[in-house]
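Per TrEMBL, the feature transmembrane segment maps to 19-39, 83-106, 113-132, 138-160, 172-190, 202-224, 286-310, 322-344, 386-407, 427-447, 454-475. Here TrEMBL flags 26-479 as domain 'Major facilitator superfamily (MFS) profile'.
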Amino acid sequence: MAGGVVVNTGGGKDYPGKLTMFVLFACIVAATGGLIFGYDIGISGGVTSMNPFLMKFFPSVYHKEQEAERNQSNQYCKFDSQLLTMFTSSLYLAALVASFVAATVTRVAGRKWSMFGGGVTFLVGAALNGAAKDVTMLILGRVLLGIGVGFANQSVPVYLSEMAPARLRGMLNIGFQLMITIGILCANLINYGTAKIKGGWGWRVSLALAAVPAAIIAVGALFLPDTPNSLIDRGYTDAAKRMLKRVRGTEDVDEEYNDLVAASEESKLVAHPWRNILQRRYRPQLVMAVAIPMFQQLTGINVIMFYAPVLFKTLGFADDASLMSAVITGLVNVFATFVSIVTVDRLGRRKLFLQGGTQMLACQIVVGSLIGAKFGFSGVAEIPKAYAAIVVLFICAYVAGFAWSWGPLGWLVPSEIFPLEIRSAGQSINVSVNMLCTFIIAQAFLPMLCRFKFILFFFFGAWVVVMTIFVALFLPETKNVPIEEMVLVWKSHWYWGRFIRDEDVHVGADLEMHAANGNGKAGSGKH
């Protein structure tokens, strides 16, 4: 093979090239799109635990909380309010709808302009939220924030996967998740500080400061180069070749360039990607685009991250202590994501998924048991500090397990498995399922906490069992495989191979023969 060899660990070509500073800088700037999503996840939980915010917009929740504390009544139910959860979850409904529009923008105008649009819209939403006079204005701001998140989550993971060399794609793509965790941590620290502002307007500062991450991605996107894939797809073939040489740091890009052109030409034969993604040969990717984001939310992580201060307050922590506990979980989230960055391209995706799932399950069982032992079904108890510290410790271990498995890999794997002809549609499905499940769980969590009580942790634990088994059986290894050759991974899998005919494999004659002979070693699919 000219310019490359078949590598057993990845099953595809090891294209020439290195990680250039140009690519590293572009990926870091693009990954800042995760800041807006993370900041919002962290900030919404914090402000909903601030009394001045509740008094202004959700007085019924505030009075219910005060009554619960005075009368030592059921701790599980004091935050149960559909209007309060609508404030949090309206963003995710807006992001769901926006992701479908973003798919077209990403494909027609390029990935960078989708990021720019997301940043600007988020900026306007932040201004509205910071200046909110009533619930309507508050929720309208949340909807605009949601549109921004939908655009960023659609374009950033795809951009990162397309810019990165195959052997480092996992590390660079996880930059998106790292920025999400940094956004959550910054939000928790800001909430901790603004809660102390006298006069009760600290929540305005928290909400308005969302403009900072929005400005970072909006301005940063203006300076980003387009990916070679996007340039070829939009007809700029000469510019694409120049860009490929620049991002790979070598003149020897003919083989990779030809593969990108072949993938683009095949994609142009697909007039209706939304219809084509339903074809039998794309069944593995479609299943993953639905299952992985759904399972990511069913780990229960957003319950912890949205409502960490609320949850800790429910456990009997004082206001400051609950916000401080959220800061601690935020720190764990950031540092554990670095573990994933360092290991994902060495250990692979499957091992991290399986190890993280096992760790999260163990922690959910322990946390559910500890809360159940104290609060029981009545929801009335005093928790000693040492006991509460143990609960926080296991919640942190749970967050760490998520942060090096389902957190980053839930975005990485779907962004790297789609062929170009259905990539925008596939990523839209991934984002929209993620947002739909986030919306449902955010909307349902407080009522479920009120009714399920400590059993809620076992509910999410049961889902972790299901998703870990799913990964063990149905997710092949995708590390080190060039995106244009990912079809070999599915073709060689013990189950998914039956959906893909030999004539559906278009990655060069030599690799087609390789797959037809059953030698495609990408993720071998043997478990």
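Each Cβ is built from the backbone N, Cα and C atoms, and glycine gets one as well.
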Highest-contact recorded stretch vs the transmembrane segment (427-447), from 19-39, 138-160, 172-190, 202-224, 322-344, CB pairs under 8 Å = 138-160
Tertiary contacts of the transmembrane segment (386-407), as residues 6+ beyond its ends and Cβ separation under 8 Å = 177, 180-181, 295-296, 299, 301, 304, 312, 315-317, 325, 328-329, 332-337, 339-340, 343, 352-353, 355-360, 363-364, 366-367, 370-371, 374, 467
Interface present between the transmembrane segment (322-344) and the transmembrane segment (172-190) (three or more C-beta pairs under 8 A) = yes
Intrachain residues whose Cβ lies under 8 Å of the transmembrane segment (454-475), provided they are six or more past its termini = 287-288, 291, 295, 298-300, 303, 349-350, 353-354, 357-358, 360-361, 364-365, 367-369, 371-372, 375-376, 406, 413, 445, 448, 495-496, 527
Segment proximity, the transmembrane segment (202-224) to the transmembrane segment (113-132), 3 or more C-beta pairs under 8 Å = yes
Interface present between the transmembrane segment (138-160) and the transmembrane segment (83-106) (three or more C-beta pairs under 8 A) | yes
